[in-house]
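Peer 1: Pasting the relevant annotations from Swiss-Prot:
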BINDING   Gly30, Ala31, Asn32, Gly33, Gln34, Gly35, Lys36, Thr37  ATP binding site
Amino acid sequence: MFVTKIQISSFRNIAAAEIRFDRRFNVLHGANGQGKTSVLEAIYLLGTMKSFRLAKTPDLVSWNTPHALLRGWAERDGVGREIALYLGKEGRKARVDQKPVTRLADFFGNVNAVVFSPEEIAMARSGPDLRRRYLDRAIFSGDLGYLLLHHEYHRLLKQRNALLKRGSREGLDIWTGQLAEAGTRLMVKRMGYLAEIEPLVQRFYREIAGGEEEAGLAYRPHLTTPDLVSREGTDALLALFGAHEAEELRRGTTVVGPHRDDVDFVLNGRVIRTHGSQGQQRSFVLALKMAEIEYLERLNDAPPVLLLDDISSELDPQRNANLMTFLREKRMQVFITTTDVSTLRLAGIATHASFHVSRGTVTPL
């Protein structure tokens, strides 16, 4: 899978750009705040219709312009696709091969993209929000059904919270039941994904760290008390919501559930958030991203497009070398942003394209 060209109009600080990409490595360099990450964000939007920066549609449109337009050309197994995404007051509208897209399923998968950002480097030592967000994004990269389920869960959560905010029990049981059902399916998919990639994380961690430490992933739900753990499926979440109902009515919000769960990154049975060195934490996250790429390649019979957002500055020379060796062997298309080209390990890479980004202007070199 390759992105061969992209056109950007009135997007963030990029007024207009047309960029032709190399099929292997593409390096975008320049000072901070010039538009490098916006190019990666545009590619990601053309694959998922979502921003990896948690931005709302108005945030994506250039100042004093009515809308933004992204167009990309992608190729897989010799078959080309033209993808267009309109971003405006009316929301987001997509076309594939110049035909309007009415179902997300018709848009999803034309560009399979994985993002690796400094935010993810930090998630091993951060609070649960970053790890949960990473997990959700990793799963829906290969499972459209998970994305739809995630939307459904949060729609139900919003409705239930509205009732709780009013302090009303009328109709609460109905929303609680639906939320528990969707939440159970969400948790099952999360735990299933972690079970799939854990052996890959273990393998890549050993290759990076060069030791015998055993890496592991543990989903950490709120179902921690013996009376809840002993229950199965939806009954467990119903019991959890029931146990906290008085508190939730008092606070006006849902305080437990999959939207509050966490994932533990573990080495030799110890959670690295509290017991791991910075080097161990960074090696673990690097192994996790490698596992995500490997998993998607197996799932789709083709590696995804990788978007590396200023990662070279976050990794030491050895881990940078580990990552670049992995990417060379994968034969995948890679987009790299950096403020300092000298930090990249491009030796041995036969072909790559370089671009300088300044004040929203992208210049090929």
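The backbone N, Cα and C atoms fix where each Cβ goes, and this holds for glycine too.
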Peer 1: Would you identify the secondary structure of Gly33 (ATP binding site) according to DSSP, in three states?
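Peer 2: Note: Gly33 (ATP binding site) is coil by DSSP, not helix or strand.
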Peer 1: For the binding-site residues listed here (Gly33, Gly35), tell me which residue's CB has the most neighbouring CB atoms inside 10 Å.
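Peer 2: When each Cβ's neighbours within 10 Å are tallied, Gly35 tops the list.
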Peer 1: Just name the most isolated of the binding-site residues Gly30, Ala31, Gln34, Thr37, going by other Cβ atoms within 10 Å of its Cβ.
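Peer 2: Comparing Cβ neighbours within 10 Å for the binding-site residues Gly30, Ala31, Gln34, Thr37, Ala31 has the fewest.
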Peer 1: Show which residues of the chain containing Lys36 (ATP binding site), separated from it by at least 6 in sequence, have their CB under 8 Å from its CB.
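Peer 2: Within the chain, Lys36 (ATP binding site) has Cβ neighbours under 8 Å at Leu28, His29, Gly30, Asp309, Asp310, Thr337, Thr338, Val357.
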Peer 1: Within the chain of Asn32 (ATP binding site), which residues six or more apart in sequence place their C-beta under 8 angstroms from its C-beta?
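Peer 2: Set apart from Asn32 (ATP binding site) by at least 6 residues yet with Cβ under 8 Å, we have Thr339.
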